[in-house]
Amino acid sequence: MSMLKDPSQKYRPFSAINLPDRTWPSKTITEVPIWCSSDLRDGNQSLIEPMDAAKKMRFFKTLVQVGLKQIEVAFPSASDTDFNFVRELIEGNHIPDDVTIQVLTQAREDLITRTFESLRGAKKAIVHVYNATAPSFRRIVFNQDKQGVVDIATNAAKLIKKLAAEQPETQWSFQYSPEIFSSTELEFSVEVCNAVIDVWQPTPDNKIILNLPATVECATPNVYADQIEWFGRHVDKRDSVIISLHTHNDRGTGVAATELGLMAGADRVEGCLFGNGERTGNVDLVTLALNMYTQGLHPQLDFSDIDAVRKVVEECNQLPVHPRHPYVGDLVHTAFSGSHQDAIRKGFAQQKEDAIWEVPYLPIDPADIGRDYEAVIRVNSQSGKGGITFLLEQEYGISLPRRMQIEFSQVVQGETDRLGLEMTAQQIYSLLENEYLKATSPYVLASHRLQEENGTSAVDLEVSFDGEKQHWRGIGKGPLEALVAALPVKAEIMDYHEHAIGAGANAKAAAYIEIRLEGQRPLHGIGIDENITTASFRALFSALNRAVTQAEAKAA
């Protein structure tokens, strides 16, 4: 089957909203919305392998560090894993006083009751209830008329109000979502929400949240903005309602729809870091926040070390962030075009400290989000970079990780500029050897002994430091963590890759490590050995020696 010659026979365009006096096009975003992360709920449920409790806790703490004050942590009635995670957050006292957790429930009595059980003892909590309202869902999925949908919503609202009153020790907030809002008749969306408002009776001092999801993005962003502005004009008790946006990225315009929705009067945004979520993902909170930042409006979220945040997200979600992803991708601050590089270099030369940022091709100063300028200002050839990677893989079986490709290409580029000649595969490998494999000073790994028991690794190392013999010992959850613990300097592993070189009895292991010493930019190391543990240790020493050597050279 192929694309239809006349798609109008199968698909119908979305109907425009009749709003001739719309005001949002002339507005700008001047206030920061209430942010709510749905990484641990909407994001987690979309993963091939959902997070376990340890990963969820690590992610939760990262969200708190970033500055999120509302965090949707679970769907506690859906699984024991989610229920127990909520209990651990509360009983373990992991929730800061200025953070409110949010949980999701369907509009069913047993699920709502179970949800309140999970929240017992919480200081503050948002109970988020939803039911689908769109015509296709009413007709195809639930076989309900409009009144049936209203009854589901109001019955759930009544039960939530009753159960909340039975647990007065918690400061409750209520949230209702007419699921598939963006595909629901606007008049009916308001009818359902007004019915819920009538049950909950919010006030300006005790507001409720009405979350208006583009559960499936089905129109251009301006249509969503029209829907939000129309809704805001017609909903009851607008001064007692927080209008929340929850967009998805099915058409690739989730960020734009959210920004226009804020211009249309919304107060709050739900989304995920780097846009994880069902199908094409939820709106990316990082992109939204940094878009505001680059317009001079601080988002009240801290991405000063964006690579550290990305590391947590990638490891917990087990999904890589695309190298072209806005602000955080490996390549977003790198220009491969010579004319772009020339403009950037001239921009840096004229950019004065504390002046308005005007460097061409760079919408944000990489330093503001913890990035250095090495990848930005280097002289780089796209064909050279691709050729380096290809030759090393084909001739030597070495497959450099992406960030290491970028780092090593600078070494090769410097040599080609010096020589003014094309480099052969052998010359490139010699550069790799000298830069990484022969980085054996000031620390030389003489020997190591590894003991592993009950998930704990202990490593003893004999090391030569500038000719002086030393003994190091470290303990950790794995060999590398134990080795890092043994180091005489504070270091953090940012990335690790390994693969086999060759096959059979002559196979060797190649390990690549990216580390960051305190106060320095990340650097890579390579180790090759018949034993993978030894290879990884050699890689770490390679990176360590390079970092120490560069720090000494910089200080000299």
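Our numbering is plain: 1 for the first residue shown, then up by one each step along the chain.
Even glycines carry a Cβ here, placed using N, Cα and C.
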Subject >> Listed in Swiss-Prot for the Mg(2+) site shared with Asp42, His246, His248, one of Asn18, Asn222, Asn282 >> reply: Asn282
**OP:** Within the same chain, and leaving aside Asp42, His246, His248, Asn282, name every residue whose CB is within 8 angstroms of the centroid of the CB atoms belonging to the recorded Mg(2+) site, in sequence order.
**Re:** Ser38, Pro213, Thr215, Thr247, Gly254, Glu270, Gly271, Cys272, Gly277, Glu278, Gly281, Val283
Subject >> DSSP-derived class (H/G/I helix, E/B strand, else coil) of Asp42 (Mg(2+) binding site) >> reply: helix
**OP:** May I ask you to report the DSSP-based helix, strand or coil state of Asn282 (Mg(2+) binding site)?
**Re:** strand
Original post:
Do you know the DSSP helix, strand and coil residue counts for the region 'Regulatory domain' (439-556)?
Top reply: 35 helix, 58 strand, 25 coil
